[in-house]
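Student: Mind looking over this structure? Questions follow.
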Amino acid sequence: QVDAVRVYVNSSSENLQYPVLFVVRQQKGVLSWQVPLIFRGLYQRTYNYQEVSRTLCPSEPTPETGPSDQIIFVDVSSMAPFNIAYELLVTRLENFQLETNKAFNFTASPSQPQYFLYKFPQDVDSVIIKVVSDAVYPCSVVSVQDIVCPVYDLDHNVEFNGVYQSMTKQAAITVQRKDFPGEQFFVVFVIKPEDYACGGSVPSSIHGNVNRTWNLQRMKNLQVTIVPSIKKSVYVQAMFFSFLSFLSFYLGSVVVAFVHYISTDMKLTVPFGSVSIAGSGIMTSSHPITASTPEGSSYGAIDESGSSGGHQLSSPERGPPAGSDTDSSVEEESDFDTMPEIESDKNVIRTKVFLYLSDLSRKDRRIVSKKYKIYFWNIITIAVFYALPVIQLVITYQTVVNVTGNQDICYYNFLCAHPLGVLSAFNNILSNVGHMLLGFLFLLIVLRRDILHRRAMEMKDVYTLDYGIPKHFGLFYAMGIALMMEGVLSACYHVCPNYSNFQFDTSFMYMIAGLCMLKLYQTRHPDINASAYSAYASFAVVICLAVLGVVFGKNDMWFWVIFSMIHVLASLALSTQIYYMGRFKIDGPDSDLGIFRRAAMVLYTDCIQQCSRPMYMDRMVLLIVGNLVNWSFAIFGLVYRPRDFASYILGIFICNLLLYLAFYIIMKLRSSEKLLPIPLFCIVATAVVWAAALYFFFQTLSSWEETPAESREKNRPCILLGFFDDHDIWHFLSAAALFFSFLVLLTLDDDLDAVRRDKIPVF
């Protein structure tokens, strides 16, 4: 048992010119202070205390010398030309050494700090120091320091050594045996003279011209408990759980693929002259295409006169036979259309009241496919250039935390932050493995579909047929990469979560939501979807706005006015382009005002002057609801100005995506189309998993919108395997939910593989 001595002094003198100086000399150190003891706060305010109590650095008996008497000298002096009364009291501390799993209560104040000793038991490699208090204020600091004299236990020097946290009602510090060669440490408790650092205000007694306060009562009752942390075996169990949970998705995918192979990939043999289903679900025909096609029929048409009354399906001229899809002579992007019609014919086709997929899939499939592959290659480039600086920055953050010991830099859930190596919260990083594993699995699923599609084209001349949704996989590949990168960047953010780097956690979420909307639109509008360059340029603008929102979105009204205007105008412009299928051009005599002037003219002519029914009623309903949602977001942002601007933008993206997906499914069912078992299962799984994920997402465990001390009030213990907290479960479930969401988009229209494109409506 280590003995410690505490010195209490008191002086009635208020003369700051002639303070009483106390110097305590010990065998291994010197400790000194003055009375009145002065603390400095904001704006040169001072706080003076006439009562001071300090614990002297203890002297532990060594095995060589054994217990011995320790001599302590206390020197009291003053330069005052008059006598000053003081009181000196030296006492022995009975409970200086803290015990494992045993709570200890005590009181501290700015002029009477406390510290205690803790020794690691033989079978414990890591402990968690838990400190609680019933009162929010006064603001305090908890520090863990090595056994070195002097101990830094005053407000102005507590940050000089060791690891420390600010605290209001709760604090937790994980300490590992390997960080302390002596297998023991001091736990120091300091009460700050002001509450500003913990989110409080300056005491009312010193407002105005008064900048000096005497003996401000700032006593705080604290309780400290030191409990063993998890063992190494728990780390192993958590890693096995994380990987096996998501590897089970791989097993499930293999089973589904095998069942699909047994049921459909083995081609069904049918009589000559009829239509059969290829392995990838693409309709093929045994009718040869010859140069002697009868006049009046279209190139590549299927003669179905016997079954459909002589109806013929017209198809534009196609490129070379299958197998030359990767021919280098095919241009990746072209300014000219491969449609046989002239520009005016596009206006006739795309502005029809009832549009079918054959009207919007007339371009050369090879060029359109290469156009969508650009999404994949561009997102890989973006990912590399975005991720490398992010990784370098968060490594720097973690290094600063480890070197300075300042645990107020990062907003962890300290009650469930398990360190590993240099990482302070390995569990928050490990839980992001699901995004990477499921993103890679989605890439494999898309690759399989792509290979089956190419194989079917090589076996049958499907260029002559117009069945099902056009197969373009570039956007799907981009979505898989985006899901993997979301895991990487979320892990980077959780290396040291704080206000400055939260955008890392959301940037690829914007891109995922945007790519999903683009894919959903591209399904039935393959010829008029946005190019990769314009799409990624739009994402870049969104990320720039997110950065500006982080910087200016806290209190600057002008930013919210400008952003809300941009949001509303962009919604109107995009709505007009969608309503007119991209045929609403910005040219002609009104090019100065462009699209907005034309939109106003159409609104006046159709809705006010003639009060006519909209030409495209379904699209109009979707766009009206969509604009109301977006205008509501704009008004909400303008009125409430949320501090978490990145999540605000993400909410806009997600709401628009959900709205469009709901509209698409409703219109699909209205058109008498079916939902096959696999997409139906994915839709149900998506809804259930997203609901569970959002429940855990809203279990706030920390918040960088507040001070570090206030954020720690929300910290809670682990709930899964003693290793993962609520936010880790959000990572697991959100990864699965995104994976199922992607599968919905991938399989939603599988029921149309045997339907002619001139029978598939566009909505």
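Positions of Cβ are set from backbone N, Cα and C atoms, glycine also.
Model, not experiment: these values are computed from the prediction.
Heads up, here are the entries from TrEMBL:
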- 238-262: transmembrane segment (TRANSMEM)
- 291-337: region 'Disordered' (REGION)
- 328-337: compositional bias 'Acidic residues' (COMPBIAS)
- 375-395: transmembrane segment (TRANSMEM)
- 429-447: transmembrane segment (TRANSMEM)
- 475-496: transmembrane segment (TRANSMEM)
- 502-521: transmembrane segment (TRANSMEM)
- 533-552: transmembrane segment (TRANSMEM)
- 558-580: transmembrane segment (TRANSMEM)
- 620-639: transmembrane segment (TRANSMEM)
- 645-666: transmembrane segment (TRANSMEM)
- 678-698: transmembrane segment (TRANSMEM)
- 729-748: transmembrane segment (TRANSMEM)
Student: So, do the transmembrane segment (533-552) and the transmembrane segment (645-666) meet, by the test of 3 or more Cβ pairs under 8 Å (sequence gap 6 or more)?
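Tutor: These two segments touch.
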Student: Any residues 6+ beyond the ends of the transmembrane segment (238-262) with a Cβ under 8 Å from its own?
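Tutor: Here the qualifying positions are 427, 430-431, 433-434, 437-438, 441, 444-445, 448, 678, 721, 723-724, 732, 735-736, 739.
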Student: With the transmembrane segment (475-496) as the reference, find which of 429-447, 502-521, 620-639, 678-698, 729-748 contributes the most Cβ pairs under 8 Å.
Tutor: 429-447
Student: Near the transmembrane segment (429-447), which same-chain residues lie under 8 Å Cβ to Cβ, leaving out any that are not at least 6 residues past its ends?
Tutor: 238-239, 242-243, 245-247, 249-250, 253, 423, 473, 476-477, 479-488, 490-491, 494-495, 724, 727-729, 731-732, 734-736, 738-739, 742-743, 746
